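Asker: Look at TrEMBL and you will find B:25-44, B:65-83, B:95-113, B:118-138, B:150-172, B:184-206, B:226-248, B:287-307, B:314-332, B:352-378, B:390-408, B:428-455 (among others) tagged as transmembrane segment. The domain 'NADH:quinone oxidoreductase/Mrp antiporter transmembrane' annotation in TrEMBL covers B:117-396.
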Amino acid sequence: MIHLLQINPSTAEAGSYLPVAIQLIFAVGLVSVLMVATHLLGPKRKTSDKLQNFASGIESHGDARQPMAIKYFLTAILFVLFDVEVIFFYPYAVNFKELGWSGFWAVLMFVGFFLCGFTYIIKKGALKWED
Amino acid sequence: MNALILSAVLGVIMMFSGILLKQKSAVRGVAITGLAALLLVNILELRGIHFFKIDVAGMMYFDRFALLFISIALFATLVYFILSAKDMEKVGADYAEYFALIFFIICGIILVASFKSLLILFLGIEIISIPLYILTGADKRNLKGNEGSLKYFLMGAFSTGLMLMGIALIYGAAGTFDVEKMKFAIETPAVLPVTGMLLLLFSMSFKVSAAPFHFWTPDVYDGAPTVFTSFMATVVKAAVFIGFIRLFDETFGTFQVKWQMWLAVIAAVTLFIGNITAVFQQSVKRMLAYSSIAQAGFMLLAVYAMNTSAKEGILLYAAAYSLATIGIFSVLNKLNDYTFEGFNGLAKQQPVVAGALTIFLLSLAGIPLTAGFLAKFFMLKSVIDTGTGLWLVIFAVLMAAVSVYYYFRVIQAMYFKEGKADITVTGRFKWALVTIAALIIILGTFPNILINWLYF
């Protein structure tokens, strides 16, 4: 594994991508072989129940595509946004000493911009749950 | 660097101005003042005054070419704000956010114009694209706008994928993202850089809407609110062209012979499809979308030639094309009927507006004494200077002749058809239009007042 990472990129040529090509052929081949094989080998028992939509075992009723309140999406996407922010703190925490004050100011600026965004969404009422 | 940092800060300021300021005219005032300040600090940097000393590790380089283009883009945006900012009120409720997004787009434009690392190019293109997807769908209740926005997003994401794949292959070949350190062999470049170059060529052609990668353009430009089409088709397109030229000059300049033929074919096809399809349009907005494809074909000649007059010419072209098209769109904004019939009898009702519009259209068609003529002249001259591709020059001239047909249809409708154009304009709007028309004629008579900025 270490050996693979140490290939000098300047000498790497198209030929060195051969393993990738083999992997690609293998991936496509495996999927197609398995799909064809299951169709040929598996028993065929067609019943009307099998043609129903699968709804975790209970009988399906109604359409799944109903309009939903936008606030669920908003809350979810904002959660993802602010959750990802924390990920950026990990590399900083690991290199805290080495980065020194300049790193500190950079992170402070990052947090500052994020706080701006946070105030903005609160002021815009994106997190207001009751109508 | 001055303008880059200030534009990002201004974007945030505009976000908050929507909350703090209740009146829309106040928001507009902040935006126009901010943009004027942006233009000022950028011109100061062009004169050698730097406000920020930041170590960018060689990933960006603000040379005169980049700074001059940024100034042109900022000036065109300022003109666009003055002429059309009031029309943005009609689009939707989030007035301040539209300005914020445009400031973020400017941030991306500055990155694309000054990149020295393929990573920055990618970042810039993305920072330009993502706000544009939002602006295209800004009118949420307009189904055509929604369709255009989704199409633009899917096509844009796809071409960004191609671009990333190309950058990855080039990284595989060179071992660096830094365009200065990439040195590809002249005679026999290896398979990897050539494949990467082709992928980048296709994705950049997507972004500048060159044929045969132009299919998203008419639907997106037609579906988007007209105010935003105006910005998208001018400043943004010119900025991506600057990125295109820098990329192919600095990164792939060593094996120009390998890609020159490809570019000649793309330019010829773009000129042909853009001009011929524009002839058949009934809506002026859609005609302008195809005209922007046709003009992109002319700008591709600069990428083909890649010499001094190409670089001077593309700056002049960016200025001439942006100013004229922004002017035409600003009048189109005021009309309710976007067909050619909507312009019937405009000259009788608004002689000043019709006169300015005529100059814009003449400039786009490339009639002498206007900036558009000299811009086209520089493009053709640059191709002749290379000593190859004379067929391309002849073909481009023929296609420019075709373009006269559909530009003059608007002039014909304004002056020689009876009708009642439905338009009301303020005195200030008229003054702004006349100033821009005068500017186009000045640029067409003395192009050196723009180009000399490159050298002193």
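Every residue, even glycine, has its Cβ placed from backbone N, Cα and C.
Keep in mind that what you see is a predicted model, and the values were worked out from it rather than measured.
Surface or core, plus neighbours and distances: that's what I need for these features.
Answerer: Non-local neighbours of the transmembrane segment (B:65-83) in the same chain are 3, 28, 31-32, 35-36, 38-39, 42-43, 45-46, 102, 106, 109-110, 113-114, 230-231, 234-235, 238-239, 242, 246, 311, 315, 318-319, 322-323, 326-327, 330, 429, 432-433, 436, 450, 453-454; each lies 6+ residues outside the stretch with a CB under 8 Å from one of its CB atoms.
Sequence-remote contacts of a segment are chain residues at least 6 beyond its ends whose Cβ falls under 8 Å from one of its Cβ atoms, and for the transmembrane segment (B:95-113) they are 3-4, 7-8, 10-12, 14-15, 17-19, 21, 24, 27-28, 30-31, 34, 38, 60, 66, 69-70, 73-74, 77, 85, 88-89, 120-121, 123-129, 131-132, 134-135, 138, 228, 231, 235-236, 239-240, 242-243, 246.
Nonlocal intrachain contacts for the transmembrane segment (B:226-248), taken as residues 6+ away from its ends with a CB within less than 8 angstroms of a stretch CB, comprise 66, 69, 72-73, 76-77, 80, 84, 87-88, 90-91, 98, 102, 105, 108-109, 112-113, 115, 121, 124-125, 128, 132, 135-136, 138, 179, 200-201, 204, 207-209, 220, 259, 263, 285, 288-289, 292, 296, 299, 302-303, 306, 310-311, 314, 317-318, 321-322, 325-326, 329-330, 332-333, 338.
Same-chain residues lying 6 or more positions outside the transmembrane segment (B:314-332) and placing a CB less than 8 Å from one of its CB atoms are 65, 68-69, 72-73, 75-76, 79-80, 83-84, 87, 226-227, 229-231, 233-235, 238, 241-242, 245, 284-285, 288, 291-292, 295, 298-299, 302, 338, 353, 356-357, 359-361, 363-364, 370-372, 374-376, 378-379, 423, 429, 433, 436-437, 439-440, 443-444, 447, 450-451, 454.
Outside the transmembrane segment (B:352-378) by six or more residues, the chain places 291, 295, 298, 309-310, 312-313, 316-317, 319-321, 323-325, 327-328, 331, 346, 396, 400, 403-404, 407-408, 410-411, 414-415, 423, 425, 430, 433-434, 436-437, 440-441, 443-445, 447 with a CB less than 8 A from a CB of the stretch.
If one looks beyond the transmembrane segment (B:428-455) by at least 6 residues along the same chain, the residues whose Cβ comes under 8 Å of a Cβ in the stretch are 46, 64-65, 68, 71-72, 79, 82-83, 311-312, 315-316, 319-320, 323-324, 326-327, 330-331, 350, 352-353, 355-357, 359-360, 363, 368-374, 378.
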Asker: Any contact between the transmembrane segment (B:287-307) and the transmembrane segment (B:390-408)? By contact I mean 3+ C-beta pairs closer than 8 Å, pairs at least 6 apart along the chain.
Answerer: yes
Asker: Below 8 Å between Cβ atoms, which of the listed ranges B:118-138, B:184-206, B:390-408 makes the most pairs with the transmembrane segment (B:150-172)?
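Answerer: The listed stretch sharing the most Cβ pairs with the transmembrane segment (B:150-172) is B:184-206.
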